[in-house]
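Here's the structure, in structure tokens; my notes come after.
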Amino acid sequence: MSLSALPQWQFSSEQGERNYLQALREYPAQIIVDLATLRDNMRHLVNVVNQEGGPTQVMGVVKADAYGHGLIPTALAALAGGATWLGVAQAREALALRAAGIGVDRARILTWVNNPLRAPYEELIEQDVDLSVATMTALHRIEQAARAVGKPARVHIKVDTGFGRNGFTLEQIDEAIDALLPLAQEGVFEIVGQWSHLAVADAPDVSEFVDETDTQIATFEEFTERLNARGITPQIRHLANTAATLSRPQIHYDLVRPGVALYGYEADPAMGTPSQYQLKPAMTLQAQLSSVKTVDAGEGLSYGRVYVTDKRTSAAIIPVGYADGIHRSASGFNELGAKHVNKLGGPVRVMTADGAKIMHVSGRVCMDQFIIDLHDDAERLNVHIGDTVELFGPGRGADYLEPNADDWAQAADTISYEIFTCLRNRIPHLYLNAYETLSDEDIAKLDQSTLL
Ligand SMILES: *Cc1c(COP(=O)(O)O)cnc(C)c1O
């Protein structure tokens, strides 16, 4: 019997268990996403924004394949939790949501990143996808597309309040209004929204950044005044990402756009931990050991000998690497190997005869694998080939010794977002609690072989 660092998964049926075993045959690592957790996180966000006043709608931001969690299953779970909007960067993702059968009766969809010269605006308008207008080029192209299709384009005017990325600046807004007004009057454009994005809302502990967010909010209001003065009154104003949704109720406006909170994380560990916000990480990444062996003292592990064993020990191989999206910057260095550098690698939960232990990436992360020093004899620890180890999961607290994506982010000097969006689709994605979370009709929209 192989040991597992995880509790036994609860399968919905024998077919669910067969799907799991098939995934183990296909690949030595699996991403397991709990759809009930995604739904509950969304439900919580809907409650948060409707506590003080409201009504405020919530957009589930599902760009980048739902931050690596899987676009369609995540979108459906977000809708089950009360989201009424879905947000994606790329046009193809918006079209994929509609093609999966998520109609306007279920969700408005907004898309905001493209090459305006080539974007499939006609198809987007036909499919009732809302469009961000951030440049005059996009404005003209969307106008052409709306005329060609013979249907008004639903647009959200993007304004740059200090992020320095997309959107009309205060200097450009009059030119935009000059072009927008006649199109709105003619019915070529339906001006639905005014929106912008915050740069530093995730640093409530840095007063300079709090001031900067205040300035962005004031600028957002100034844009509204400028639009209103010219007779443009967008019905839906939206500004808040996760950080502002959780910490700035005064700028929830008509709609909020949380991304990372849906997946169960706060925007920055400086804001606290997921549980402080009643959020729970939905993704677990597990893998099965491909080799366990004894190595002598003084042996280098992996490329570059940046980690050298300090005693006779056992080393285990975890068969995922940077080609799977495991950051090479989460490599582990020790003084024997890397001289003056001592840096813990990414954490891995391993089940042993002495209970669960956290081991760390030892040496450099390779393309398809990395090594962990078990710091003991594997036989004594009862660690064997085929055992399931956990790279990260919901993070059930210090006593339980379970890493989450924030821990990997710290080891890799990045943010949790990059930990899960970088995971490659070659790792099978499996879904827990689909039957408990989704209607039969929605279940039918999913790849049945992915359901546990
Ligand atoms: C990604 C994104 C969001 C969500 O950001 P989180 O920090 O994940 O909540 C919201 N709005 C825009 C425009 C985005 O690009």
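Glycine is no exception: its Cβ is also placed from the backbone N, Cα and C atoms.
Residues or ranges marked as active site, proton acceptor in TrEMBL: Lys63 (among others). Under the DSSP three-state reduction, Lys63 (active site, proton acceptor) is assigned to helix. Just so you know, the Cβ of Lys63 (active site, proton acceptor) picks up 19 other Cβ atoms within 10 Å once every protein chain is counted.
Applying an 8 A CB threshold to same-chain residues 6+ apart, the list for Tyr303 (active site, proton acceptor) reads Gly363, Arg364, Cys366. Here TrEMBL flags Tyr303 (among others) as active site, proton acceptor.
In sequence order, Gly321, Tyr322, Ala323 are the residues of the chain that are 6 or more apart from Met367 (substrate binding site) and have a CB within less than 8 Å of its CB. Taken residue by residue with DSSP, Met367 (substrate binding site) is part of neither helix nor strand, so it is coil. The annotation substrate binding site is assigned in TrEMBL to Arg165, Met367.
Taken from TrEMBL, the feature domain 'Alanine racemase C-terminal' applies to 282-432.
According to TrEMBL, the feature N6-(pyridoxal phosphate)lysine maps to Lys63.
Separation of the C-alpha atoms of Arg165 (substrate binding site) and Lys63 (active site, proton acceptor): 17 Å, rounded to the nearest whole number. The secondary structure of Arg165 (substrate binding site), as reduced to three states from DSSP, is coil rather than helix or strand.
For Arg165 (substrate binding site), other Cβ atoms within 10 Å of its Cβ number 11.
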